[in-house]
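**Student:** Pulled these from TrEMBL:
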SIGNAL    1-22  signal peptide
DOMAIN    20-108  domain 'Cytochrome c'
BINDING   C41, C44, H45, M85  heme c 1 binding site
DOMAIN    127-210  domain 'Cytochrome c'
BINDING   C141, C144, H145, M187  heme c 2 binding site
Amino acid sequence: MKIPSRALAGAGALILALQVHAADGQKIYSQGGANPAALACVTCHGANGEGMAAGGFPRLAGLSAAYMRKQLEDIRSGARSAPVMQPLAAALTDEEIAAVTEILAALPAVDVPLVTRVEKADDLGAQLALRGAWARNIPECVSCHGPSGIGVGDAFPALAGQPAQYIAGQLQAWRQGTRKNDPNDLMGHVARGLTDAEVQAVSEYFANLSQP
Ligand code: HEC
Ligand code: HEC
């Protein structure tokens, strides 16, 4: 049987397009986008997308590509105020965002043990994470963010592996109304119900899960 040459040419072009796509994501991550304002991600998000605890820069490796695309769109639109990331997100094209989030999503997610028990009754962070504060209508974080905060699907991001400073910063942003990009105010409701001490404790709880 003879395969029409037009079909072959089409398949060749598709393979080429996929290769270019994959190569671009890596290049954007390590060298930046076509617009010089789209700085290289590696500088802040780490050599392997692991984030940088000291700067409060989030881990990106293993997050859902759709979640990251949504965040970059929300940061561009201002639904999520992020002064450092905003000019960068605005300088990336939709194509570049698709390529770079795809390679990041394919990197390994953080490795965490499965924790289901509160070992010490006075561990405020573990209590909130695993039991919630139902007297104040605050569900346990793991009910949405998955066991040990490993994340669920495209809507609920991983908390395990994120720096404590980053988690606390996001909770404060919801309390102050500078991040208002969550469906049905799910996180706004949770964050506004927490005290400062609880924000600190639960942030450290999830950050420390991935420490050996
Ligand atoms: C100058 C440092 C810096 C650079 C460079 C940088 N980022 Fe960021 N990024 C941040 C900070 C800070 C945040 C957290 C913003 C906030 O406070 O909400 C962030 C957040 C993000 C988030 C949201 C993560 C989440 O868990 O919600 C994504 C996605 C992201 N960056 C992707 C990228 C990509 C892709 C690049 C490269 C094109 C990049 N960043 C370059 C500093 C940087
Ligand atoms: C009812 C479901 C629900 C519960 C319970 C919940 N969250 Fe969330 N959380 C979400 C959703 C949805 C998002 C993503 C919002 C968006 O699209 O940006 C989110 C995002 C986050 C983020 C941002 C992560 C990032 O990468 O930027 C943090 C931090 C967070 N939640 C912390 C917590 C903590 C701590 C608790 C427990 C005290 C908790 N959440 C409980 C639904 C929930």
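Placement of Cβ uses the backbone N, Cα and C atoms for every residue, glycine included.
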**Student:** Which of these binding-site residues (C44, H45, M85, C141, C144) have a C-beta closer than 6 Å to some atom of ligand 2?
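**Tutor:** By the Cβ criterion, which requires under 6 Å to ligand 2, the hits are C141, C144.
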**Student:** Select the closest residue to H145 (heme c 2 binding site) from the following binding-site residues, measuring between CA atoms: C41, C44, H45, M85.
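**Tutor:** Considering only the listed binding-site residues, the nearest one is H45.
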**Student:** Say you check the Cα of M187 (heme c 2 binding site) against those of the binding-site residues C41, C44, H45, M85; which is nearest?
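**Tutor:** That would be M85, the closest of C41, C44, H45, M85 to M187 (heme c 2 binding site).
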**Student:** Less than 6 Å between Cβ and the nearest atom of ligand 1 is the rule; apply it to the binding-site residues C41, C44, M85, H145.
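**Tutor:** Cβ < 6 Å from ligand 1, in sequence order: C41, C44, M85.
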**Student:** Pick the one among the binding-site residues C41, C144 whose Cβ has the fewest other Cβ atoms within 10 Å in this structure.
**Tutor:** C144
**Student:** Let me know the model's mean pLDDT on the domain 'Cytochrome c' (127-210).
**Tutor:** 97
**Student:** I need the CA-to-CA distance for C41 (heme c 1 binding site) versus C141 (heme c 2 binding site), whole Å please.
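**Tutor:** Just about 29 Å between their Cα atoms.
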**Student:** Cα-Cα, whole number of Å: C44 (heme c 1 binding site) versus C144 (heme c 2 binding site)?
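**Tutor:** Their Cα atoms are separated by 28 Å.
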**Student:** So around the heme c 2 site, C141, C144, H145, M187 aside, which residues have their CB within 8 A of the centroid of those CB atoms?
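**Tutor:** What remains near the Cβ centre is P139, V142, S143, G149, F156, L159, L186, V190.
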**Student:** Inside 10 Å of the Cβ of C44 (heme c 1 binding site), count up the other Cβ atoms and send me the figure.
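**Tutor:** C44 (heme c 1 binding site): 17 neighbouring Cβ atoms within 10 Å.
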**Student:** Using an 8 Å cut-off from the Cβ centroid of C41, C44, H45, M85, can you name the remaining same-chain residues around the heme c 1 site, in sequence order?
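**Tutor:** Result: L39, V42, T43, F57, P58, L60, L88.
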